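Taking it in order: structure first as structure tokens, then the write-up.
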Amino acid sequence: MAPSHVLRCCQRVVGWIPVLFITAVACWSYYAFVLELCVFTIKSDAEKAVYMVIFHLFFIMFLWSYWKTIFTLSANPSNEFCLSKSDKELYEREERQEFQVEILKRAAKNLPIYTTTATRAIRYCDRCQLIKPDRCHHCSTCDVCVLKMDHHCPWVNNCVGFSNYKFFLLFLMYSLLYCLFIAATVLQYFIKFWTLCRSKSEDSCPQNELPDTRAKFHVLFLFFVAAMFFISILSLVSYHCWLVGKNRSTIEAFRAPFFRNGPEKDGFSLGFSKNLREVFGDEKKYWLLPVFTSLGDGCSFPTRLILGDPEQNVATVQTDSTKHVGPNQTFPARPLSESQNHLLGSDSQWNDSAPGEDHVDKGVESHVAVLIES
């Protein structure tokens, strides 16, 4: 069997194939539209100028957002979410699950987390050996925990999460506009070339002034490719616009996060306007530019389950953390006060109200305390 690092290297190489495919299609579309259509086919200089300006605007924004989505490193949890050396040794030595849960509970008491596992335990990553912040998940492809992970996208060979979700949305939007513009402008020449192709046996084509050149193939194929990509991207753009409006990730859309009172699919939704600003930022002039403007630090998120009415309350956790933070920086976790941390503030919120469980948890707690002292 090949060493694991060799397999990992091969996986990384293969992962770039979809990116190279998209890049090749984009380069060919540039050649087909600019040279074969605008330079060699269109005779009106005014039409050429208008098409070239709009095309290059969409093309540049498409490539810019695509580049940022690919090469923006995924944001990872800060060191505050890592177990201390003593807690890690204690956790690894302990074989009983109930005591491991109590160790994680003690370590996470001052961390700004509100979600748990389905069994009401602390979300812990054994692979990265850290407590997972809210909305953080481990990517098996990248082998790392990603803040506010949405999904791993093979077309960008990167995880889509807190640091590049805005770039991914802009990439989809500009891809859609790029394909729509190409399909709309090429349509009339597609019809002319198609008519020319059917009338090829005639001596002349009085209704079609276009010459039968190699541009015919590029224009015909360009329309089909643009229309095909437009239809496929349209559904994806619509879906992610719906996710942004609901303040959900793709993972949360399929599996609702668990809060103190159970699963809640809209637990992080603060209303449409606040949800939109959480991704795109407060300054609207930067919304359409692939520059990082998302609010927060990626480690803690306001939730309507804590704040009450989302349209009338301002997120308390968005104090210093709502400042714009660069996607490649370390994100410091700012612990919440016990009054704000409703999930971890008291033992009664962790324990069920069934009779007989209180003395069991106290016994576990005392046992862990003895282990720590020893």
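For all residues, glycine too, the Cβ spot is worked out from N, Cα and C.
Given the structure is predicted, the values throughout are model-derived calculations rather than measurements.
Feature annotations, courtesy of TrEMBL:
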- 327-352: compositional bias 'Polar residues' (COMPBIAS)
- 122-254: domain 'Palmitoyltransferase DHHC' (DOMAIN)
- 319-360: region 'Disordered' (REGION)
- 20-42: transmembrane segment (TRANSMEM)
- 49-67: transmembrane segment (TRANSMEM)
- 167-191: transmembrane segment (TRANSMEM)
- 219-239: transmembrane segment (TRANSMEM)
Same-chain residues at least 6 beyond the ends of the transmembrane segment (20-42) with a Cβ under 8 Å from one of its Cβ atoms are 48, 51-52, 55, 59, 62-63, 66, 155, 182, 185-186, 189, 210, 213-215, 218-219, 221-222, 225-226
Composition by DSSP (helix, strand, coil) of residues within the domain 'Palmitoyltransferase DHHC' (122-254)
71 helix, 16 strand, 46 coil
Across the domain 'Palmitoyltransferase DHHC' (122-254), what does the pLDDT come to on average, as a whole number?
88
